[in-house]
Structures are given as structure tokens and as C-alpha cells.
Amino acid sequence: MKKFLPSLLLMGSVACSSNQRMNDYSQPESQSDLAPKSSTIQPQPQPLLSKTPSMSLNLLSSSGPNRQVLPSEPSNFMTLMGQNGALLTVWALAKRNWLWAYPNIYSQDFGNIRNWKMEPGKHREYFRFVNQSLGTCVEAYGNGLIHDICSLDKLAQEFELLPTDSGAVVIKSVSQGRCVTYNPVSTTFYSTVTLSVCDGATEPSRDQTWYLAPPVLEATAVN
């Protein structure tokens with residue numbers, strides 16, 4: 001178990017962009033990935049979208065309760081990376097779809113939907129995460145996370161970052177009082193992201209520690 005530190009002042013990261021389309025990696029099941037109305041249902045996977053049109057990059061939101069997506073410097077962005085190297089990412093592009101964690105090697109064609117901007121929430125001690133490509137925000141929903149239109153009036157989009165003595169953070173939902181959890185040892189190439197009791201767990205079946213890491217980018221070989 002990780003030991004939480006008493007306070008947190010975390011801001012800033014480096015970033016870049018990539019302009020690729022999502023690839024056709026398949027997942028088990030074929031049911032809808034749209035978040036159900038019931039708050040007790042777990043996220044369910046489906047095959048990845050293919051032939052997705054290219055999206056505008058280097059996006060973030062500006063001021064106001066329903067923030068508009070505006071161009072921004074890529075240095076404003078970061079990734080949220082688990083200890084197994086999996087990155088928190090949008091998977092289905094439509095709003096109110098579940099978020100997942102994918103290793104970089106299996107999500108290279110996802111492009112900038114794996115990058116996030118951390119910015120203050122309505123309550124200054126909390127933060128929210130804005131997707132670089134879509135301008136949507138991470139939102140606590142049921143037993144997992146979805147992405148939806150950003151609104152400062154949505155408490156479900158505010159999160160508290162709890163530092164640990166390992167340099168990682170635990171991400172706590174303000175609205176639910178539960179923490180973002182993933183399965184670090186998985187038989188698939190993705191990890192399910194859920195909300196569970198905050199205990200700083202680091203186990204093969206569940207982990208709550210995340211790193212605020214540099215954004216992913218398309219690398220170019222230098223001859």
C-alpha cells in the first residue's frame with residue numbers, strides 16, 4: 001500500500017501531438033460502449049472503431065462553465081500512465097463512452113486522444129482533465145470513467161490528486177469519494193478502468209497509482 005502525502009501542488013507537463021487514426025484492434029464482446037443509465041453497471045468493451053476521420057489536434061478548453069475548444073500549445077498536455085505503462089485513453093469517440101487504459105505499443109494509432117490537460121476545477125483544490133483532441137472531460141460515472149462535455153458545474157468531473165511516497169498519485173473522484181483503479185496484470189492488451197475504495201492498492205489484480213507523464217507523440221527516426 002502506498003502512503004499518501006499530506007498536500008499536493010501539481011501542475012505542468014510537456015506534450016506534443018500525433019495525427020493518426022484509430023486502428024482496428026478488436027476486443028471481446030460487441031455490446032455498446034455507451035455509458036448505461038444504471039450507476040451499478042461495469043464498463044463493457046467492444047471492438048475498436050475503425051475508419052475514424054482525422055481530428056483537429058492541440059485542443060483544450062477556455063473559460064466558462066461549458067468551455068469552448070480552442071487551439072493551444074502542446075506543452076499544456078500530459079498522459080495519465082499506470083505502473084504497467086498503460087495510458088488512460090478515450091476509446092469510442094462519441095461523448096459519454098467509457099475510458100480504458102492501453103499501452104502505447106497497442107494504441108499508437110489513437111493519436112492525441114491519449115493526451116490530457118490538467119486544469120483547476122470549480123473548487124480550486126481539485127482538478128479536471130480535458131482531452132487534447134476532443135475537448136471533453138473525464139467524468140466519474142457508475143463504477144468507471146467516461147468522457148463528456150466539460151462543465152464547471154459537474155462535480156463528477158472534479159478529481160483530487162493524492163501524492164504517494166513513490167512519486168505517483170492516486171486519483172480520487174470528488175463526487176463519489178472513490179479512486180481510479182485499473183488491473184495492471186491483464187490477459188488482454190488493455191486494462192479496465194474502474195472506481196473503487198481508496199486504499200492506494202498496488203496488487204496484480206488492482207492498482208490505484210498513476211503517473212503524470214509526458215504526452216505521447218509520433219517519433220521520427222533521425223538518420
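Backbone N, Cα and C atoms are what each Cβ position is placed from, and that goes for glycine too.
These come from Swiss-Prot:
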type	residues	note
SIGNAL	1-15	signal peptide
LIPID	Cys16	S-diacylglycerol cysteine
LIPID	Cys16	N-palmitoyl cysteine
REGION	20-48	region 'Disordered'
REGION	91-102	region 'Mediates binding to target cells'
DOMAIN	123-212	domain 'Ricin B-type lectin'
Which residue counts does DSSP yield for the domain 'Ricin B-type lectin' (123-212) in the helix, strand and coil classes, in that order?
-> 3 helix, 42 strand, 45 coil
Over the domain 'Ricin B-type lectin' (123-212), what is the model's mean pLDDT?
-> 94
DSSP helix/strand/coil residue counts for the region 'Mediates binding to target cells' (91-102) = 0 helix, 6 strand, 6 coil
